[in-house]
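*Asks:* Here it is, the structure in full.
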């Protein structure tokens with residue numbers, strides 16, 4: 001139906017262009033064209049401003065037969081809010097006319113159109129603007145009063161249709177309520193301006209608000225028009241960018257059936273999202289709200305767009321919507337407007353049909369006068385209107401000036417146009433030369449396209465302290481109030497309370513300001529409602545996305561050992577630094593446990609006690625030998641070497657203690673060199689004793705003088721040389737690459753092993769190899785002398801001691817390699833103690849037994865009585 005109406009109007013425009021007679025100054029009378037629009041209220045002026053307002057909300061369908069002219073367009077559903085906007089525009093224009101500093105000596109007029117939210121009627125109104133009724137001007141020529149631009153339309157969809165038509169005539173359109181981001185496309189809408197922020201600001205800011213409040217699982221809806229679809233598309237893109245998810249996305253039909261409403265409400269009921277975001281006009285969202293209330297779905301938190309968040313129709317009729325929040329256009333208290341609205345005269349000149357209709361509806365009475373009708377059909381009331389009824393005694397949307405938001409945008413639009421015209425006027429007055437004046441448009445014969453450059457350059461601060469300007473896309477700055485619906489007093493409608501603001505021109509971190517302590521949510525509490533698909537993962541856990549579900553639906557998985565998460569909802573756990581490890585809760589990194597073989601732990605204490613026992617035992621043997629140093633047994637076994645051997649064994653036991661405790665710069669070199677030197681001294685003494693035994697028996701042979709080379713001085717020299725060679729190796733080791741402490745982080749992940757690095761592995765092998773050579777050489781010599789006479793012969797005891805020594809250290813190698821951490825040190829201490837006790841017991845235990853328990857055998861006669869076997 002509307003497509004047919006638009007087609008008809010375009011054909012009418014073509015006929016007007018083709019059939020329009022040319023008028024000249026010689027004509028006696030100007031031929032007047034019939035006005036294409038009957039819903040117009042006008043007042044003449046030197047410059048006419050057109051204004052579009054949806055004073056009625058619905059059209060009355062009519063049949064188009066194309067056999068006769070279409071009948072007069074009729075509408076229904078008188079809109080008090082839009083009627084207030086139209087009256088506010090009149091007030092602003094009259095205020096400008098009274099201002100001597102703005103457009104001096106220029107009187108603005110107006111033509112106000114009611115398009116009933118209809119595309120066809122909007123196009124008809126636009127055709128009426130570009131084809132004005134003719135009148136004779138001051139020079140006697142026929143002309144139209146200039147209408148350089150149109151203030152409107154409040155609808156984004158209608159603005160798109162109107163702009164496409166007006167583009168043909170280069171007529172600028174300054175909207176006060178059309179916020180669709182699509183209208184920023186300057187290729188499609190080059191002459192479109194607006195004083196309301198683009199929905200691109202609102203949609204992205206609403207997404208940021210949702211994220212700020214911790215809502216990651218939401219339902220999103222949009223009206224079935226350019227405003228709703230475009231805003232919803234931008235919002236969903238921003239939500240995705242911020243890592244949020246939508247449970248559902250729905251389009252609200254313009255004229256929904258009951259089945260469509262029930263289907264939509266079922267989607268809302270079945271969703272687990274507790275927050276609903278709606279980009280819709282008030283008349284589109286109202287049926288959805290009513291159906292939700294009918295089905296008792298009242299536990300949802302609404303987030304409203306600016307198109308309905310300040311709607312008195314919604315806020316006053318549905319108290320269940322308490323707690324709703326949203327972005328609202330900035331408001332202002334406009335002085336004098338309330339009084340102007342209350343002083344409305346329904347039959348005053350110029351006659352306004354809409355004012356008469358408002359009066360009759362407001363006071364439920366009728367004027368018994370035959371006056372032209374507007375767009376609406378008048379109803380007949382039994383009571384007669386006197387015209388003296390008082391608007392101030394009523395309480396309606398019309399005279400409610402507490403939330404002047406769209407009206408304030410209209411104020412900006414009218415004054416932006418006035419400043420553009422003022423700058424154009426100043427161009428003429430300031431032009432010093434005739435060339436300059438020729439470049440300035442004639443304000444009394446103004447063409448629409450001549451205003452456009454001045455509109456683009458408009459930039460002023462209004463009386464309320466706000467800057468008014470248009471950016472390169474014709475948009476105003478993205479500034480909003482964040483409002484919250486609070487329950488009013490008993491019997492009063494919901495109150496709209498400001499709880500924050502958003503300003504796109506500020507730095508990102510300062511754009512969104514929210515006073516959360518002032519918010520009252522849908523359940524009446526001060527606690528922010530929760531709307532998530534999955535509960536937040538606590539510190540110590542990470543999010544694991546569920547297969548086939550949105551990112552916001554996940555499971556919480558504990559962090560692995562060595563990694564942590566110290567905030568909620570971390571996607572990945574963070575690995576701890578090398579020297580730190582995760583605590584049992586996996587929410588912080590703590591210092592790794594330092595591990596080394598300590599004196600204070602049980603195992604270390606046992607090894608230390610064993611070493612001390614060895615020292616005591618060795619000292620006891622030395623005491624016994626010292627007390628019986630003059631006995632044949634002690635003297636026969638080379639008492640000097642025996643005491644030196646006991647001293648070296650004491651150092652061997654003490655050497656084991658250096659391996660206990662925390663490795664340090666001095667402890668590591670000490671333990672390695674002490675081990676090498678003490679065992680080298682011990683084995684040197686054993687080797688010397690073995691050689692002495694061999695040489696003692698060779699000396700009994702006739703003519704053999706070998707024994708003179710193994711007297712005590714030579715024995716001492718031999719021991720010293722063997723030991724000095726080991727000392728040389730150790731000195732080279734300590735001066736080139738000494739052992740040093742290191743932190744072993746690679747053996748265990750959860751703790752650090754403090755150990756001594758060898759420094760030079762080659763020199764360490766030299767130390768061990770030299771000890772091994774001494775032990776093997778000593779073992780071979782002792783083995784060869786094992787069958788010499790027993791009471792004189794220590795060789796068999798040395799053989800056993802070296803057998804034990806070699807067995808211990810051969811077994812030590814695989815045990816050392818396979819023992820982890822501090823047990824490596826324990827194995828080394830055990831080998832030192834075992835080999836030391838083996839030497840001590842094998843060599844000295846039999847002698848001490850004879851000295852203490854069998855003194856009768858400790859005689860020279862007994863020792864000399866033995867024969868070689």
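Even glycines carry a Cβ here, placed using N, Cα and C.
Keep in mind that TrEMBL annotations are predicted by a computer and have not been checked by a curator.
For reference, TrEMBL lists these features for the protein:
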- 603-867: domain 'G-protein coupled receptors family 3 profile' (DOMAIN)
- 1-25: signal peptide (SIGNAL)
- 603-626: transmembrane segment (TRANSMEM)
- 641-661: transmembrane segment (TRANSMEM)
- 673-697: transmembrane segment (TRANSMEM)
- 718-740: transmembrane segment (TRANSMEM)
- 760-785: transmembrane segment (TRANSMEM)
- 797-817: transmembrane segment (TRANSMEM)
- 829-854: transmembrane segment (TRANSMEM)
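Looking at the shown structure, what environment does each listed feature sit in?
*Replies:* Computed over the domain 'G-protein coupled receptors family 3 profile' (603-867), the whole-number mean pLDDT of the model equals 81.
Within its own chain, the transmembrane segment (603-626) is flanked in space by residues 597, 634, 639, 642-643, 646-647, 649-650, 652-654, 656-657, 660, 826, 829-830, 833, 836-837, 840, 844, 847-848, 851-852, which lie at least six positions past its ends and keep a Cβ under 8 Å from the stretch.
Within its own chain, the transmembrane segment (641-661) is flanked in space by residues 596-599, 604, 607-608, 610-612, 614-615, 618-619, 621-622, 625-626, 634, 667, 670-671, 674-675, 677-679, 681-682, 685-686, 688-689, 692, 715, 719, 825, 828-829, 832-833, 835-836, 839-840, 843-844, which lie at least six positions past its ends and keep a Cβ under 8 Å from the stretch.
Long-range contacts of the transmembrane segment (718-740) within the same chain: residues 641, 644, 665, 668-669, 671-673, 676-677, 680-681, 683-685, 687-688, 691, 756-760, 763-764, 766-767, 770-771, 774, each at least 6 residues beyond the stretch ends and with a Cβ under 8 Å from a Cβ of the stretch.
Using a Cβ-Cβ cut-off under 8 Å and counting only residues 6 or more beyond its ends in the same chain, the transmembrane segment (760-785) has close neighbours at 672, 675-676, 679-680, 683-684, 686-687, 690-691, 693-694, 697, 722, 725-726, 729-730, 732-733, 736-737, 739, 793, 795-796, 798-799, 802-803, 805-806, 809.
Sequence-distant contacts of the transmembrane segment (829-854) (same chain, at least 6 residues past either end, Cβ-Cβ under 8 Å): 597, 607, 610-611, 614, 617-618, 621, 624-625, 628, 631, 633-634, 637, 642, 645-646, 649, 652-653, 655-656, 659-660, 675, 679, 682, 686, 794, 797-798, 800-801, 804-805, 808-809, 811-812, 815-816.
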